[in-house]
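Per TrEMBL, the feature transmembrane segment maps to 38-55, 349-372, 378-396, 467-487, 493-514. As annotated by TrEMBL, domain 'Glycosyltransferase 2-like' applies to 176-370.
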Amino acid sequence: MPPVLAAAAATATAAAAWALRAAVWACLAASGMLVAEAAYMGLASLLAAAAATMWRRTGRRYRWEPMPGGGDDVEAAAAEFPMVLVQIPMYNEREVYKLSIGAACALTWPPDRIIIQVLDDSTDPIIKELVELECLDWANKKINIKYEVRNNRKGYKAGALKKGMEHIYAQQCDFVAIFDADFQPESDFLLKTIPFLVHNPKIALLQARWEFVNYDVCLMTRIQKMSLDYHFKVEQESGSFVHSFFGFNGTAGVWRVSAINQSGGWKDRTTVEDMDLAVRASLKGWEFLYVGDIRVKSELPSTFQAYRHQQHRWTCGAANLFRKMAWEIIANKEVSIWKKHHLLYSFFFVRRVIAPLVTFLFYCVVIPLSAMVPGVSIPVWGLVYIPTAITCMNAIRNPRSLHLMPFWILFENVMSMHRMRAALTGLLETTHANDWVVTEKVGDLAKVDLDVPLLEPLKSTECVERIYIPELLLALYLLICASYDLVLGSHKYYLYIYLQAFAYVVMGFGFVGMRTPCS
């Protein structure tokens, strides 16, 4: 090779190595932020659990007294019960509409102090007719139920909730409980939740915990349960305990109507209208309460495609809301600097931006690439200790799922590519920033068809929409990096990289979740 070309190649190699080292240390710094945040939330949630035990013995942190009459005899003192609106937004929910409407109509509350409002945005005329007939059936049983439809789906769920609150009967209610179409509250849900709001006027929202009727149908639903259990046990619990703030989960919660109105009502500027309202209410000085002892049954996405749509909406919407509200949070004068710091740094920046970006870039790009570049090494504390610490903090709150942790790690790393793209879409507000695809549900089928393998094979008759090209391309990249490290490298990363490549192949060909007919 001519000396000039050799010198140019050496310069390019040195520049690439320098850029990769910079990327390594940037990722290590971001990983440090993640592990510090996880440790902080974990400690706060443990303190919250200990405090909850103490409060049960000495008196609650928030005042709670049973409603007059108590038990099932609620009609004896009906006049002392506040008016409650129960909203059920739905869109073509053939599989679950009966479950959600039936559970809402079975809530224990004085009949003249509760209104069930079904907000049906269905576009399928057959499903629309079925939902309306179900509402009429309950109305004939003396249940105060309202069936409301719109001429369009503007604003999606936020638009439906906003329109529902504009009715005169809704404006006369003190509190509103919201349940998505697959949620089934127990009959005593209102008797347990409303007293917190009645006796603590500063609380705007009470959030209950989700539990899942189909968590054991496949490996993917088991992994989802692990992630959501961590979300509720750690993120929601710590936010409620330390800051009296957390992101509303959009369902299985009760809002004070006056807090919704004071905060500007529902807005459809992002796909996370629930988080949007929660942040605005917090900036008005309202407090939130998470009660993990109150649980509401729901359904997890059981197909990979449905899960991807859900994660895109959640991740993209949160990043987009951060873009829209960052300055509003900074300029706010009604809350403390401590709460503003929590919102900007912890709630948004670290969890909604840094987490999806660094998880993908570090574990799926930088580490494999460093195996192919001589002179670039990653410290053991960054390569082993930090990921191990984060995994252990998750495992501590999910001891029954400890045996699934390796699958959880691989699955989350593969999903990190999808979440990173969603986060960038929201931050940059590109074309697909406001895409909304309703999560597919199976309803009673989840109870009937439980005998499915952990990894579903792809049949030759199934269409190619279950093949995900980006995942397969990244799998090829990982295989190249791992093979180079095995044959020519010295880092010994190839075992981890091969495992990650295998996970990308499995998910790239759709070998996860349950089978569904192709659309």
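Each residue, glycine too, has its Cβ placed from N, Cα and C.
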Q. For the transmembrane segment (493-514), which stretch among 38-55, 349-372, 378-396, 467-487 has the most Cβ pairs under 8 A?
A. 467-487
Q: Rank 38-55, 349-372, 378-396 by Cβ pairs under 8 Å to the transmembrane segment (467-487) and hand me the top one.
A: 349-372
Q: Would you report the average pLDDT that the model assigns to the domain 'Glycosyltransferase 2-like' (176-370)?
A: 95
Q | Outside the transmembrane segment (349-372), six or more residues from its ends: residues with CB under 8 Å to it | A | 20, 23-24, 27-28, 30-31, 33-34, 37, 235, 315, 318-319, 322, 378, 383, 387, 412-413, 416-417, 419-420, 422-424, 427, 474, 477-478, 481-482, 484-485, 489, 491, 493-494, 496-497, 500
